[in-house]
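Some notes on the structure that comes next.
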């Protein structure tokens, strides 16, 4: 007789991988092929994606390592011991605003893209508001529920991307992918930086690794979580170059969605695949947005330790909505996106640098703890 | 704890109830006295001597010892009382000399009565309780104890084919109103010594028999504890039927989705018990409850296991598709017509536009008119006597559909959409699940009317948010998709060949997870 038990509030390594992947895949990839076409030559953008992916995996690995150190503490309590409470509190408030902005970016992106592909007359404020309300409904539930939503939605998105890539197989002009390796290192690195922005989200491992059954698996799960988007991104990018050519790609607003437009569905059951593609894609954008909102709440709550979830939802939702609607046009919005990404990478790199110190400190406390026990 | 309580305040309520019941007991728990006349008067007095209370007094033995048998007419098997109680009593003591009442009582129980269901009790409340359950009470002069003879026998429906869950292949037996017959239907399928039947008398006034069943050694003990706690917390004058118990025990009353399954089929209950679930039978109700369930349980039918696995798998995929259509089809129609004309292939778009020519309403209104008409027809079909019910189907389906089209109120395409939706919603094994989807369908239609495809996907997301936060006795409703249980996928959409279904569902955390010996 075997006895299997699972704790209700714990997540397994595959679920953590799915979480990281869902957090990463969002709005970024929809525009990435255009951005890459602007910086790199021919189809060399995939090198940039790969470089960014490797860098992301490295950072994800380091941040995943925190999972073991944290134990049952929240991230704030842990980092507070390392760099004193006030600095940690300041850091967490930055984290809170970072994630609030992240969520607001997603809300605004949904509004913008829906306006382009689904609606003609509905105002984008209304679109964004309904989306945010649904997100509020999700975050006022349980954290474990948010993780489970990822598990429910990600398969749709991955399968859909696979189907689109498979169907686009027939219309790709392979000639467009050549020549290869013609871009200089400089532009490649610029492209890698741009790709890196779309990889943001793997730092969610910091906040969710404490919920894992075995936090030891966190680094591995995070690395896999980054690897899946990297592969998908490369596929989408190459297909875009193959179909639109590098020159044409620069003119297309959301190449990944346009890719779906070009695809012909066998049987011609319905037309304009891009609407369906984006509709399904909303699920993963929703996941990213929900988790960002949740982490903003979590960061805020860990500092102030006051209020229920619903209070934080009510507090943050108007802020998110307001800053999301602030950028006046697409250019301002793109700038806003880069701004968030810089903050994100700043935080991530800071934490990655802190890791060796954190580890030494924890080791020392473990060592002193054990000797204390013996004496 | 994994199987956690759903309602925070139910413990409190339970304790309150206990207190109240205690008071009742104080009032009525009066011991019987040794005088037979006093006892008879008191019992008749409490019941206010109704017409169906039968008192048969007689004297036994050489010294004419007074005895009386009381029962309620209609609840008892009269032949049984006559042959197994009165007859032996009158003939056994003709020659014997017995003085003390205690001796008579011992003799009566040990040697005289031939019926096998015999008990004793000492209070008026218990005696009356037994009387009202169909037992007979034997009182003897000088004895402060009543002898209870199990003699219940009343008319009940014979076992028939279930009305709501027909299947092509498999047993045709369905539960009936009589709980003893129902437990026997389960026992006959499951000769398992570890099958536990826990009996409750629920309802302050109705005292209805409710039986909770589970197989010890399979089911998770915490689940049993939690189910018991919830059953015991029921505090109501009459539980009325399985429906009331279901609502009382559910984790959430805000959800439209069933969190406890109901079924008329003994084989479904048996299957559930063997999977590590709990079954609940209620006296007077041919529906049994099975708990806990998840979303996917609603798409499973017992027939899936009687068919070849390929057929069963195909049927399940079809049901999943039906669930999708029943929920989203009208909404998709609305959103395509109102927002995304471009998505319809051009030839089809032309024919739809042609068919809609002359229809004065937007697609939403059209869809609502037809859907509401259909719901009305469905409801009317249930209420009307059977022969007329069929007529309603014909009138509704053919006449109204045809007439509405030719009158130009709705387009023929809309009729097709509504018909397909209706057919899809009839194809689920679980009726209560079909009702939930009906409700959700209307909500999604409204969402689609406002936001098109965007509204549909947001409603889909909302349903999923609801699912992940919904629990049935501690098991997330979205199991085994999230949290992931790969092993259980063998029997969710796919129904793997019987040889491969080696384990019980892992999400139920059974104590004995192996169904088959591994070679």
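The backbone N, Cα and C atoms fix where each Cβ goes, and this holds for glycine too.
Annotation source TrEMBL lists transmembrane segment at A:12-33, A:45-70, A:82-102, A:122-140, A:152-174, A:186-209, A:221-244, A:276-297, A:309-327, A:339-358.
Within its own chain, the transmembrane segment (A:339-358) is flanked in space by residues 59, 62-63, 65-66, 69, 78-79, 82-83, 91, 94-95, 98, 101-102, 105, 196-197, 200, 203, 206, which lie at least six positions past its ends and keep a Cβ under 8 Å from the stretch. Touching of the transmembrane segment (A:186-209) and the transmembrane segment (A:221-244) is concluded from the presence of at least three CB pairs under 8 A, sequence neighbours closer than 6 excluded. A contact between the transmembrane segment (A:221-244) and the transmembrane segment (A:12-33) is present, since 3 or more of their C-beta pairs, 6 or more residues apart, lie under 8 Å. Per-stretch counts of Cβ pairs under 8 Å to the transmembrane segment (A:12-33) identify A:276-297 as the leading one among A:82-102, A:122-140, A:276-297. The stretch with the most CB contacts under 8 Å to the transmembrane segment (A:82-102), chosen from A:122-140, A:152-174, A:309-327, is A:309-327.
Below 8 angstroms of C-beta separation, residues 18, 21-22, 25, 228, 232, 235-236, 239, 242-243, 245, 259-260, 262-266, 273, 277, 280-281, 283-284, 286-287 of the same chain, each at least six residues beyond the ends of the transmembrane segment (A:152-174), sit close to that stretch. Outside the transmembrane segment (A:309-327) by six or more residues, the chain places 100-101, 103-105, 107-108, 111, 125, 128-129, 132, 136, 139-140, 293, 296-297, 300-301, 333, 335-336 with a CB less than 8 A from a CB of the stretch.
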